[in-house]
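Novice: Encoded as C-alpha cells, here's the structure I'll be asking about.
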Amino acid sequence: MQDLPDQLANGLALGALYGLIAIGYTMVYGIVQLINFAHGEIFMIGGFGALTAYLWLPEGTGLVVALPLMILLGVVCATLVGVGAERFAYRPLRGGPRLSPLITAIGLSLALQQAVWSFYPDAKKARPFPQFSGGDFDLGFVSLSREDLFIFVAAPVCMIALGVFVAKTRTGRAMQATSQDPDTAKLMGINTDRIIVMAFAIGAAFAAIAAIAQGFKTGEVSFRMGFIAGLKAFTAAVLGGIGNIYGAMVGGLVLGVAEAMATAYIGDIPGLEQFGGGSWKDVWAFVLLILVLLIRPQGILGERLADRA
Amino acid sequence: MRHRSLLILTTTVTVGALTLSACGSRDDKGGSGDSGGKTTVTIGLDAPLTGDLSALGQGIKNSTDLAVKTANKNNEVKGVTFKLETLDDQGQAGTGQQNATKLVGNEEVAGVVGPLNSHVGQSMQKVFGNADLVQVSPANTAPQLSQGPDWQKGDKKRLFDTYFRTATTDAVQGPYAAQYLFNKKKFKNAYIIDDKKTYGAGLAGTFQDEFKKLGGKIVGSDHINPEDRDFSAVATKVAKSKADFVYIGSEYPTGAPLSAQIKKAGGNIPAVGGDALYSAEYIKLHKKKSEGDMATSVGAPLETLDTAKTFMKNYKAGGYKLPYEAYGGYAYDSAWAVIQAVKAVVEKNDGKLPDDMDDARKQITDAMKDVKFSGVTGDVAFDEYGDTTNKQLSVYEVKGGKHVPVQTGTFQEN
C-alpha cells in the first residue's frame, strides 16, 4: 500500500477529467432532460481542435506558450459543434417524443466520429498529442507529472468559475430558473432557447478542456476517444446525481478513484486475485454505481426526483 | 406445412445458387477467350487498412500489390494476368469474416493474402476452409491457428488445410524474447501485461512459461482492456514493483501509451513486446519515452538480407506513399506463394486453370503444400501444419528514435 498517495493522485486526475466531461451531460439534462450521447464526440473534437492549434504554430514552440492557444481553439471548435448540434439536431425535435432526440444523439455521435475519421488529416489512426518536457514534481509523499498538474489546476478553476456563474450572474440564475420550471421561466421573460444554447456551450467548452487533459495524459487523440470517455462521464453524472453540476464533479472523482483503487488493490485481497487489475476495474466501478444507486437512487448529490416527475 | 414451405424455400435458394454459379463459370470461360487467351486470376487481400493498425495494414497492401505487378510484368504464369481485390477488416474479427465470405463468393479469386491480426485470422479460417480457398497470412503469429487449440500440450492438430502463413509463431517468438532477456540482458524480474486478445494473451503466455523455466521471476502481472488509453493505475503498480522490465503482450496502439505511462509514473525500465510493437508508429506515438524499449519480430531484418534488396528497390520505385513496415516482406512472399501455387496448377493443366473454379481452388490449395522458392525473407516453404519452415527471429531495440536490430537467430530449445 505504500503507493497509495500515487494511486490516489492517479484516480483523482482521472476523476477530475471524467467530472469535467460529466458537467456537459448534467447541465443539458438538468435543463432539457435530454441525454446528449454525442457529448463524447464533442469532447473528441475539442481534442482535435487543440491539436490543430499546436500544429499551426511553428515547430518547436514551447508547450507553455502554445497551451493558451490550444485551449482557445479546442474550446471554440467544441462549442461550435455543441451549439450546432443543439440548433440543428435537437431543437427541431424539442417537444416531440422523448426517444427521438435520444436516437438523434446516437446518430449524431456516429456522424461526428466518421466526419473526423474521414476529413481530419491522418486521423484514421491515433495522432500523437504534444507532451510537456521535463520531469515530475516530487512533493515528497507523491510525485505529480506535469500532465496531471494541468487537470489539477484546470478542473477546480472551471468548477469555481461555473459555480460563481450559476449562482451570481443574471444568466446563471435564469439557467437555474429554466431548470426548475421552464414554462414559468418563459412567462417571466427568460429566453429559454438562449439558456439551452448556453448549457450546450458551457458543457462543450468543459469537454474541450478535458480532452486536452486526456491528450496530455495518454499522449494521443483519436477519433474514437470520445466513446469510452463519454460513457464513463455519463456514469459519473448519474453517480453524482444527474442535473447537479457539483454532483457531476463528485461523481467523476468517486469513479476515477474507484477505478484506480480497483486496479491497484483488489488483486491483493486474498481470494480475489482473479478479479483485480486493469481489466476488472470497470466491473468494480459499475458495482459501486449499482450500490450507490440502490441506497440513493437520485445519486450522491442528486435532487429529489419528485421535481422531475 | 411449415416444413413444406421451408423445403420449397430451400429448393428455390439452392436452384438459384446453382444457376448463378453456373453463370459464373460460363462467364469465366468467355472472359478468357475474349482477352486473347489470357485468364484473369484475382488474389484477395484482407488487412486493416484503416484504424489504429493501418500503418501495418497499408504496408501489407502495398507489398502484395508490388508482388502482383511484378508477376504480371515478368509474365510469371503464362496466360494468366493477376488482379488484386483489396478489402479492409479494420482489425475486427466480424468484418474479417464478412470479407472472407465476400472473397469466397467472387468466382475469380484463387487465393487470399492476409490478414494481419490473429483473432481476425481465426474468424476467417473456417470460411476459407469450407470453400477450399487457400489463404496465406503474412503476419498471424498465434500458434493455435495452424496447430490447433491444444498445441501447448503437445497435441498438435491441423484444423484447416487451406491455412498457411509466412510468419513464424508465438510458440517460438515469446520464448525467444525470454531467452534473450534472461541470458543476454541478465534480467531476472519480469512484469507481464497482456490485453486478453488472441495474439496478446498467447504471446504473453509463451513468454512467461519460458522465462520461468529459465529461472526468472514474475514479480507481477496484469491484464488491460485494449480500448483503454489511460493506464496510470497499472503504470504506478509496475513502476513501484521491482521488475527489471515489463513484457507487453499487445499491439502498438495500446502498447505505446502503456509503455509511455509506465515511464511517466517513474518506472525507468524497458518495455518489451512482440512483432506488433515493432512498428515505426510505436516510436512516433511516444518519441522520447520509447528509447531503450525492445521488440522481437519474425524473420531477419530486411535491411540485412541480400534477398530483400530487390524488393526494397522495387518498393521504392513503385512510388508507394507509406513504408512497407514490419510485414511488407512477408506479404510479398505470401502473395508470391499464391502466384507459385497458381503457376503449378496451370502448368499441370496444359497452360490454364481448371474451368470449374471449385476444382481450381482445391488444386491450388494442394499445390501450396509443395510451394518452395527463394523469397524476400529467405527460403519460403511450409511444414505439415502450414507454418513457415523459416523460423528466424530478431530482437530490435529503440535507439535514437529507431528500431535497431540487436540479435537475429533461430529459437533453440534449452
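Cβ from N, Cα, C; glycine included.
Feature list, courtesy of TrEMBL:
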{"type": "TRANSMEM", "residues": "A:12-32", "note": "transmembrane segment"}
{"type": "TRANSMEM", "residues": "A:39-57", "note": "transmembrane segment"}
{"type": "TRANSMEM", "residues": "A:63-90", "note": "transmembrane segment"}
{"type": "TRANSMEM", "residues": "A:102-120", "note": "transmembrane segment"}
{"type": "TRANSMEM", "residues": "A:149-167", "note": "transmembrane segment"}
{"type": "TRANSMEM", "residues": "A:195-216", "note": "transmembrane segment"}
{"type": "TRANSMEM", "residues": "A:246-266", "note": "transmembrane segment"}
{"type": "TRANSMEM", "residues": "A:278-295", "note": "transmembrane segment"}
Novice: For the transmembrane segment (A:12-32), which recorded stretch in the set A:39-57, A:63-90, A:102-120, A:195-216 gives the largest number of Cβ pairs separated by under 8 Å?
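Specialist: Between the stretches A:39-57, A:63-90, A:102-120, A:195-216, A:195-216 has the largest tally.
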Novice: Against the transmembrane segment (A:63-90), which of these stretches has the most C-beta pairs under 8 Å: A:149-167, A:195-216, A:278-295?
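Specialist: It is A:195-216 that shares the most Cβ pairs under 8 Å with the transmembrane segment (A:63-90).
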Novice: Sequence-remote contacts (6 or more beyond its ends) of the transmembrane segment (A:195-216), Cβ cut-off under 8 Å?
Specialist: 13, 16-18, 20-21, 23-25, 27-28, 30-32, 36, 39, 42-47, 49-51, 70-71, 74-75, 77-79, 81-83, 85-87, 91, 129-132, 146-147, 150-151, 154, 158, 162, 171, 174-175, 178, 185, 225, 229, 233
Novice: At a C-beta cut-off of under 8 Å, are there same-chain residues at least 6 beyond the transmembrane segment (A:149-167) that contact it? List them, or none.
Specialist: 12-13, 16-17, 19-20, 23, 137, 173, 175-176, 202, 206, 209-210, 212-213, 216-217, 245-246, 249
Novice: Near the transmembrane segment (A:39-57), which residues from the same chain, at least 6 beyond its ends, have a CB less than 8 A from one of its CBs?
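Specialist: Sequence-remote neighbours of the transmembrane segment (A:39-57) are 21, 24-25, 28, 65-66, 69-78, 81-82, 85, 108-109, 112-113, 116, 120, 123, 127, 129-130, 203-204, 207-212, 214-215, 221-231, 233-234.
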Novice: For the transmembrane segment (A:278-295), could you work out the same-chain residues 6 or more beyond its ends whose Cβ comes under 8 Å from its Cβ atoms?
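Specialist: Non-local partners: 235, 238-239, 254-255, 258-260, 262-263, 266.
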